[in-house]
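*Asks:* Per Swiss-Prot, DNA-binding region is recorded for 17-56, and the stated evidence type is sequence analysis. Annotated NAD(+) binding site per Swiss-Prot: Gly91, Gly92, Gly93, Asn94, Ile95, Gly96, in sequence order.
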Amino acid sequence: MDKKRNISMAVIKRLPKYHRYLEELLRNEVDRISSKELSKKIGFTASQIRQDFNCFGDFGQQGYGYNVKELHAQISNILGLTKEYRCIILGGGNIGQAIANYNKFEKLGFRLEAIFDINPKLVGLKIRDIEIKDIDTLEDYLKENNVDVGIICVPSRSAQKVCDILTRNNVKGIWNFAPVDLKVPEGVFTENVHLSENLLTLSYLMNEQEE
């Protein structure tokens, strides 16, 4: 665990995929796996897999491979999944409701505690027993409750304003679904999910193949 310093973002981005495949192996009651076997499943080279894991410690044994249960636990710990994160959703429309209804996040330790929206037709509705609150009450809520992650699902014109409210109230993680790049202070971490950009990438790949 001492090797977590100066890990490249490319390696960090691959960790969730390792975690997902290791969960699948656990469900299938696989006890151990070699880097070569994992390579066939995950699509990275065996050398890349070994290099990635070596960034964090010596997980495998030569001639044995990796103990799946132990490796899964190690990756979970590296990803911070042994902790619990308090989350709120900003925007109770289609995307916000879809995220709220996806219970996989809670299994990973991300607990949804509140949903906010500006639309009076949505305020008061319940999603999985969580009542949508008026977004005008957001700042007061943040002063009274510790929140780790803000999930932004509002239109682009409102996203930065909402983000500013979150960051000045000590929210350190922003998961942004609004189609805009947010400005955040140092020490705040953002992950953007720009759905249209992914679709345009897919469009390019299909168009390139046709040519």
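Cβ coordinates are placed from backbone N, Cα and C, and glycine is handled just like the others.
Keep in mind it's a predicted model, so treat the numbers as computed, not measured.
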*Asks:* Just checking, which of Gly91, Gly96 (binding-site residues) has the fewest C-beta atoms within 10 Å of its C-beta?
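*Replies:* If we count Cβ atoms within 10 Å for the binding-site residues Gly91, Gly96, the smallest count is at Gly96.
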*Asks:* In sequence order, what residues of the same chain, 6+ apart, have a Cβ less than 8 Å from the Cβ of Ile95 (NAD(+) binding site)?
*Replies:* Cys153, Phe177
*Asks:* Could you say whether, by DSSP, Asn94 (NAD(+) binding site) belongs to a helix, a strand or a coil region?
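*Replies:* It is helical.
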*Asks:* Can you tell me how many other Cβ atoms are located within 10 Å of the Cβ belonging to Gly92 (NAD(+) binding site)?
*Replies:* 26
*Asks:* Counting only other Cβ atoms and using a 10 Å cut-off, which of the binding-site residues Gly93, Asn94 scores lowest?
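*Replies:* Per-residue Cβ counts within 10 Å for the binding-site residues Gly93, Asn94 bottom out at Asn94.
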*Asks:* Would you list the DSSP helix, strand and coil counts for the residues of the DNA-binding region (17-56)?
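*Replies:* Residue counts for the DNA-binding region (17-56) by secondary structure: 28 helix, 2 strand, 10 coil.
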*Asks:* Mean pLDDT for the DNA-binding region (17-56), rounded to an integer?
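*Replies:* PLDDT averaged over the stretch: 93.
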*Asks:* Whose Cβ lies within 8 Å of the mean position of the Cβ atoms of Gly91, Gly92, Gly93, Asn94, Ile95, Gly96, the NAD(+) site, other than those residues?
*Replies:* Ile89, Gln97, Ala98, Ile99, Asp117, Cys153, Val154
